[in-house]
Amino acid sequence: MEKLSTAASLFGVVVAATALAMAVVGGEAAVVEQTFMVHEMNVTHLCNTTKIYVVNGRFPGPTVDVTEGDTVVVHVINRLPHGLTIHWHGVRQMRSCWADGAGYVTECPIHPGGEKTYRFNVTGQVGTLWWHAHVTCLRATINGAFIIRPRDGKYPFPTPAKDVPIIIGEWWELDLIELDRRMLDGNFDDNPLSATINGKLGDLSNCSGTVEESFVLDVKRGESYLLRVINTALFSEYYFKVAGHTFTVVGADGNYLTPYKTDMVTVAPGEAIDVLMFADAPPAYYHMVALANQPPPPDLQIPQLTSRGLVRYTGAAMDSNNLPMPMPVMPDQHNTMPSYYFRRNLTGLALPEQQQRHRVPAHVDERLLITLGLGSICRGGNTTTCKRGRSPETVVVATMNNVSFHHTNATALLEHYYDGTPEGVYTEDFPVRPPRPFNYTDRELIPAGPLEAALEPTAKAMRLRRFRYNASVEIVFQSTTLLQSDSNPMHLHGYDVFVLAQGLGNFDPKRDVEKFNYHNPQLRNTVQVPRGGWAAVRFLTDNPGMWYLHCHFEFHIIMGMATAFIVEDGPTPETSLPPPPPEFKRCGTNGLSQP
């Protein structure tokens, strides 16, 4: 983690910058309280000074460290010239949708100079989640780990000597607000300069012969370490390896997994993967590497992004005897198959007290097939008659079932829903299937041409989907090759979903339903839909409110690969969305300025 020393005076008066646990008696639940001061800071990397946005003078930001059952209270003070919200990524927010922190979906941004208190409970979840800004591209630097520890202190795996967040991100020299504006206008020529591990660029990056600082993990031979690997990047999925070591994957997205041994972890934007690493190598220095993968040409290409850190054994000397330090052998950056096979090998692990929560709904009330890809809308208000195929007459947008989400910059959708005022704001007719079937994974559709041009026209609208309380919903996400062949990390706020199966090619219900895992599927809040493939998920709508569904590639969400699910109230007050809490500021009092 990079601490910015020039911020010291700013925080001299902030006494609540670290967690305050109150009234913990006999293992009872506590109130864990923190203050997030959000501000600008100048940081120098690669011989250039860049203005970034941080919390409490740190990049990444402070860790929220709680125990299952605790109440979390975070006071956010916005010293930025832009509005922002904080999203608690993966927290179920049972009956606390008002605290989800999705900008313009559950709340309006905290205006410059404003404050907001988030208050919610973390019941029934254990493991690694994270938090991040949820307005524009600010999450690139406004983010941090969110750790939920078991109430009884016991794990279904050997207790590690230490646990360490490994936060993979990206270093952007361009101002993040300007980056957002460019992408909104269809300009995707900007790229990060480097990957980062816990805010460090690593010694592969240098300027004028001066190498960048690397993240260093100190270990003692014979001990095990729980690495909480989180991908906060805007653009890329990452491969992560440590030379001379193997991992045992034990959890993901705040849920336990059946232990799975591997020498490499793949983590997509939005995901959090828990792995045990046993320090059993000869004492020395070993490189850890985070390498971004990307589809091969003809997809648009970005520069290779890599960050390199170190695992340093106690007693190991940095001298000529252990140089060069061992390097892990990484896959080719264009080989995305290791990502697919890594996820196919993961299964869920339900503890005895979790059996009910881990029971897959046997029946299905609603089925959706959602295609994920690119399309275009005409510039200048011309709705249909414009030249397609990456023409300057069009803006390229991201779509779900040929609908590109029209992001609002006015009153939050949750307020409209709660007040019963959706007219003229949103409709509830998000399509349950694409408007017309085609060969979704035909690589001939990647380059612009007449084949894909006929499929480009897209509706720009705010079309949501409503579900009754306690309905069983099955979604098949289908990646397409329209103008690109990216994977798609799909994140559903307020829910964990059972990942029943993943596959390559076009989903075929006659063939692929037989592959569904009803016995021990993963529970995830972010599902990586493979490049040129599909993922099938199922969940029970047991959490009333307005819940954002979107791809976690930032360029996809800005381009419109999103919608929201409305879950109706249940039959009792305990199964209904409560009124907004006293600390919730309605949009009229919270500021409406779009950053």
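From the backbone N, Cα and C atoms, a Cβ is placed for every residue, glycine too.
The Cu cation 1 binding site annotation in Swiss-Prot covers HIS87, HIS491. Around HIS491 (Cu cation 1 binding site), a 10 Å sphere centred on its CB holds 24 further CB atoms from the protein chains shown.
Within 10 Å of the C-beta atom of HIS132 (Cu cation 2 binding site) sit 25 other C-beta atoms, taking all shown protein chains into account. The Cu cation 2 binding site annotation in Swiss-Prot covers HIS89, HIS132, HIS552 and is backed by similarity to another entry.
The Cu cation 3 binding site annotation in Swiss-Prot covers HIS134, HIS493, HIS550, and the record cites similarity to another entry as its basis. For the recorded site, HIS134 (Cu cation 3 binding site), the DSSP three-state label reads coil. Around HIS134 (Cu cation 3 binding site), the same-chain residues six or more apart in sequence whose CB sits under 8 Å from its CB are LEU84, THR85, ILE86, HIS87, GLY101, ALA102, GLY103, listed in sequence order.
Among the features that Swiss-Prot reports, domain 'Plastocyanin-like 1' is placed at 37-153.
Look at Swiss-Prot and you will find 162-316 tagged as domain 'Plastocyanin-like 2'. On the 0 to 100 pLDDT scale, the domain 'Plastocyanin-like 2' (162-316) averages 95 in this prediction.
Taken from Swiss-Prot, the feature N-linked glycosylation site applies to ASN42 (among others), supported by sequence analysis. The Cβ of ASN42 (N-linked glycosylation site) has 10 neighbouring Cβ atoms from other residues within 10 Å, across all protein chains displayed.
The N-linked glycosylation site annotation in Swiss-Prot covers ASN48 (among others). In sequence order, GLU173 are the residues of the chain that are 6 or more apart from ASN48 (N-linked glycosylation site) and have a CB within less than 8 Å of its CB. DSSP gives ASN48 (N-linked glycosylation site) a strand state.
What Swiss-Prot records for ASN121 (among others) is N-linked glycosylation site. Other C-beta atoms found within 10 angstroms of the C-beta of ASN121 (N-linked glycosylation site) number 20, with every protein chain shown included.
Residues annotated as N-linked glycosylation site in Swiss-Prot: ASN206 (among others). ASN206 (N-linked glycosylation site) falls within a strand when secondary structure is assigned with DSSP. Around ASN206 (N-linked glycosylation site), the C-beta neighbours below 8 angstroms that are at least 6 residues distant in the chain are LEU46, GLU212.
A sphere of 10 angstroms centred on the C-beta of ASN345 (N-linked glycosylation site) encloses 13 other C-beta atoms. What Swiss-Prot lists as N-linked glycosylation site is ASN345 (among others).
Here Swiss-Prot flags ASN382 (among others) as N-linked glycosylation site, drawing on sequence analysis.
Summarising the annotation, Swiss-Prot assigns N-linked glycosylation site to ASN402 (among others). Non-local contacts of ASN402 (N-linked glycosylation site) by the CB criterion (under 8 A, 6+ apart in sequence, same chain) comprise THR371, GLY375, PRO431, PRO434, PRO435, PRO457, THR458, ALA459.
Per Swiss-Prot, N-linked glycosylation site is recorded for ASN409 (among others), and the stated evidence type is sequence analysis.
Neighbour list (ASN439 (N-linked glycosylation site), Cβ cut-off 8 Å, at least 6 residues apart, same chain): LEU445, ASN506. Annotation source Swiss-Prot lists N-linked glycosylation site at ASN439 (among others), citing sequence analysis.
ASN470 (N-linked glycosylation site) counts 16 other C-beta atoms within 10 Å of its own C-beta, drawing on all protein chains shown. Residues or ranges marked as N-linked glycosylation site by Swiss-Prot: ASN470 (among others).
Among the features that Swiss-Prot reports, region 'Disordered' is placed at 570-595.
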Cβ-centroid neighbours of Cu cation 3 site HIS134, HIS493, HIS550, 8 Å, sequence order: HIS87, ASP100, ALA102, VAL105, HIS491, TYR548, LEU549, ILE557, ALA562
Recorded positions near HIS550 (Cu cation 3 binding site) (Cα-Cα within 10 Å), from ASN121, ASN345, ASN409, ASN470, HIS491: HIS491
Nearest-integer angstrom distance between the alpha carbons (Cα) of HIS552 (Cu cation 2 binding site) and ASN409 (N-linked glycosylation site): 20
For ASN345 (N-linked glycosylation site), the one of HIS89, HIS132, HIS491, HIS493 that lies nearest, given that the binding-site residues are compared by Cα: HIS491
Shortest C-alpha distance to HIS493 (Cu cation 3 binding site) - which of the recorded positions ASN42, HIS89, HIS132: HIS89
Residue from ASN42, HIS89, ASN121, HIS132, ASN409 whose C-alpha is spatially nearest that of HIS491 (Cu cation 1 binding site), among the recorded positions: HIS89
Alpha-carbon spacing, ASN42 (N-linked glycosylation site) to HIS132 (Cu cation 2 binding site), which is rounded to whole Å: 20
Environment of HIS89, HIS132, HIS552, the listed Cu cation 2 site - residues of the same chain whose CB lies within 8 A of the CB centroid: HIS87, TRP130, TRP131, HIS134, ARG139, ASN143, THR232, PRO269, GLY270, HIS491, THR526
